[in-house]
Amino acid sequence: MACRRRYLSSLETGSSLSTDRYSVEGEAPSSETGTSLDSPSAYHQGPLVPGSSLSPDHYEHTSVGAYGLYAGPGPQQRTRRPRLQHSTSVLRKQAEEEAIKRSRSLSESYELSSDLQDKQVEMLERKYGGRLVTRHAARTIQTAFRQYQMNKNFERLRSSMSENRMSRRIVLSNMRMQFSFEGPEKVHSSYFEGKQVSVTNDGSQLGALVPSECGDLSDPALKSPAPSSDFADAITELEDAFSRQVKSLAESIDDALNCRSLHSEEVPASDTARARDTEPKPGLHGMDHRKLDEMTASYSDVTLYIDEEELSPPLPLSQAGDRPSSTESDLRLRSGGAAQDYWALAHKEDKADTDTSCRSTPSLERPEPRLRVEHLPLLTIEPPSDSSVELSDRSDRSSLKRQSAYERSLGGQQGSPKHGPHGGPPKGLPREEPELRPRPPRPLESHLAINGSANRQSKSESDYSDGDNDSINSTSNSNDTINCSSESSSRDSLREQTLSKQTYHKETRNSWDSPAFSNDVIRKRHYRIGLNLFNKKPEKGIQYLIERGFVPDTPVGVAHFLLQRKGLSRQMIGEFLGNRQKQFNRDVLDCVVDEMDFSAMELDEALRKFQAHIRVQGEAQKVERLIEAFSQRYCVCNPGVVRQFRNPDTIFILAFAIILLNTDMYSPNVKPERKMKLEDFVKNLRGVDDGEDIPRETLIGIYERIRKRELKTNEDHVSQVQKVEKLIVGKKPIGSLHHGLGCVLSLPHRRLVCYCRLFEVPDPNKPQKLGLHQREIFLFNDLLVVTKIFQKKKNSVTYSFRQSFSLYGMQVLLFENQYYPNGIRLTSAVPGADIKVLINFNAPNPQDRKKFTDDLRESVAEVQEMEKHRIESELEKQKGVVRPSMSQCSSLKKESGNGTLSRACLDDSYASGEGLKRSALSSSLRDLSEAGKRGRRSSAGSLESNVEFQPFQPSQPPVLCS
């Protein structure tokens with residue numbers, strides 16, 4: 001009997017592998033097997049794959065094993081029963097996890113429409129106990145998890161202090177100096193040679209090559225000596241190398257200082273070579289050695305870049321842009337007004353025929369804390385945003401080639417003033433003027449001046465908002481209005497008392513629409529769509545803007561766009577810059593921090609300035625990436641502060657600790673008695689400076705400043721929406737599509753367009769008393785919210801929610817009769833569906849009706865265009881999956897911008913897209929709800945739609961919109 005049991009037990013072990021895949025799905029077992037989920041053969045199984053078949057041998061093993069199991073004694077079954085229940089729960093859990101993974105993969109491959117996304121969130125909220133409970137639980141869990149991850153990362157960083165931080169790109173005192181100058185000779189094909197000298201902590205990597213900006217590798221100026229174990233020897237070698245570079249450069253600098261006339265036709269090319277071999281003047285040599293001593297006093301590597309160009313006269317702006325000048329790029333990166341100064345300089349050179357390069361030096365008179373040599377034409381010395389190794393990698397990735405393209409596009413745009421504002425720095429050039437006149441520098445936060453014809457006309461018709469933060473000033477969609485935004489905080493409020501007096505209140509939005517495109521409604525709409533896409537998915541939005549020519553395809557151009565343009569969610573800016581997976585995002589972050597000057601600032605105050613532009617919040621890895629770049633830039637700007645610590649990485653650890661302190665001190669989820677005290681803050685930073693403590697006075701100062709003033713991000717367009725959301729009280733029913741506001745009004749992509757007072761008309765054929773059914777209308781870029789004044793106080797007004805309508809599929813109609821002379825009718829106009837009247841309004845006067853309907857129609861067109869773009873993208877993806885081997889598309893290349901199929905292939909797919917099922921594009925709740933009512937209809941998402949997917953072909957070269 002015992003032998004038989006051992007034999008059956010061995011058969012059970014063999015049958016477990018065969019019955020595994022069959023029994024996990026819960027299907028009815030075969031009559032031959034007699035197994036089920038409760039059998040012990042299903043217990044020892046891992047993740048299972050459905051759909052597998054069983055061989056005859058497997059059936060035999062299974063039946064015998066099952067027979068042997070149930071033929072056994074009763075006590076054996078009772079002892080195994082708890083284990084079987086545990087096995088069932090484990091298998092069920094694994095099946096649920098697999099289902100979640102499949103749903104995630106599907107969600108990544110197909111983008112749902114906005115109404116389906118809202119419905120998805122609504123279903124999750126219903127599943128987990130309702131909106132309030134779900135939101136509170138999700139917020140608590142997310143906050144706790146992020147705090148846990150931040151603390152975990154902080155402890156990891158503390159424990160890794162002894163490791164080499166070069167892999168983390170904290171090159172704390174790394175100085176990159178770029179010397180460029182222009183001279184009197186005229187050359188038609190200029191090139192730049194980049195020569196780099198780098199000394200790391202181990203004394204290696206001396207003389208690493210840096211590709212030139214034209215993409216070609218230049219000859220090495222210095223050979224790499226053998227690595228030395230003594231760091232002092234490496235510094236000595238650096239001094240020698242630096243001296244040789246300074247000697248070779250000194251004569252060229254001296255020639256530039258001689259202020260030779262532009263009338264000289266040419267200078268032999270050997271002059272430059274002779275200048276490199278001659279000895280420099282003692283004054284210049286001594287000065288550069290003093291700079292060298294200051295640089296080599298810190299610990300990290302020092303990198304020298306010398307961009308040498310044959311001396312050439314200033315070319316006209318249309319020709320100068322063809323030369324990929326690193327000097328132009330560097331000057332454009334200067335914070336404050338240096339970029340504008342450069343454009344003013346270029347204009348002077350274009351106008352003056354006899355000016356020498358020495359007279360161009362006022363463009364560099366702006367004081368900079370970085371290393372600089374006075375009175376040199378176009379001389380820039382720029383600290384790095386990256387290590388020398390990574391810079392070489394970026395050059396190999398042709399980011400410098402993109403920079404050259406950016407320079408060429410700038411040059412072409414400068415040549416035509418009407419396109420100029422969008423390629424160069426937007427703050428220094430007047431709009432649509434026949435000549436380019438320099439203007440005085442303005443701060444980074446200042447906004448563009450506008451041509452006021454359309455603005456004055458619209459302003460005479462309606463009252464503008466006093467608020468001028470990012471959201472309230474950036475959103476009007478009218479065709480005749482271009483409004484300007486500012487970051488002044490003195491007029492941020494919504495001015496509720498003003499709203500209650502005005503019948504129409506338009507939100508300004510100058511930075512959303514470029515004055516150069518004031519007559520191009522479609523172009524401005526595309527720009528706003530790009531901003532909306534960025535505020536939903538940053539990478540997708542940047543790609544959209546680059547493809548349409550609004551943003552240069554360079555890290556420098558994208559960095560300028562993120563810092564200078566309004567209408568971008570600061571939260572999404574942080575999401576984009578904190579992406580560690582994409583090298584382009586990392587390059588943009590380097591350029592962004594290079595725009596900021598943290599000289600002579602305390603660490604917490606510099607961090608406050610950094611966080612004012614970029615919201616440092618989210619996943620711990622992204623926060624670490626942002627703080628890493630900030631710390632690098634801070635140490636470059638403050639080499640004296642770095643020398644106060646034993647290890648430069650202490651700056652990074654301290655900055656990370658400040659973020660933790662600010663989060664802990666101002667988080668509403670942390671109880672007051674559990675908030676971080678001063679002693680806790682000091683204790684957390686004990687021994688982080690290579691075993692030494694940071695001076696207690698420094699930590700006390702940081703703690704007190706954070707306690708008195710929170711690290712906050714500047715307001716953006718979302719801030720204004722949040723203020724409106726706080727003013728709306730009462731029950732907000734959760735209804736999809738047209739019946740409710742939903743759980744959250746303030747979203748990163750939502751902005752306020754206008755505020756208007758209208759009167760609701762229940763029945764257009766019946767009269768009503770004057771002033772009855774007064775409604776306060778808030779028009780957002782994707783939503784129309786109808787409210788009623790709930791309570792009016794002296795300094796505030798609250799509104800009760802009535803209805804909300806999605807703008808997708810909305811149609812705006814006008815009507816007039818003897819009772820309502822200024823009637824407005826809103827209907828649902830999905831192609832092929834029944835027209836449904838949503839609501840009727842009567843405006844107080846014809847002017848308000850015109851302005852409101854213009855804004856509403858433009859907002860509806862914007863939403864429709866975004867949905868069309870989404871469906872186009874899905875069509876291309878579906879076409880690539882269903883018809884990957886289309887013969888007519890085999891010879892067509894993919895677009896370089898995003899890798900999508902060419903437009904000709906896409907247009908062909910519309911005519912012969914029978915392989916695509918209609919259900920694949922029915923991603924709207926309208927499609928789902930109307931499917932049962934009508935047997936066959938056309939929708940915006942189907943191939944039978946009458947919507948024409950014709951690409952927009954601009955009649956002018958793509959330029960950067962303001």
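Each Cβ is built from the backbone N, Cα and C atoms, and glycine gets one as well.
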Candidate ranges 311-333, 840-862; Swiss-Prot annotation region 'Disordered' resolves to 311-333
Annotated range (Swiss-Prot: region 'Disordered') out of 177-205, 264-292
264-292
For Ser89 (phosphoserine), what is the tally of other C-beta atoms lying within 10 angstroms of its C-beta?
10
Considering every residue in the domain 'IQ' (134-163), what is the mean pLDDT value?
72
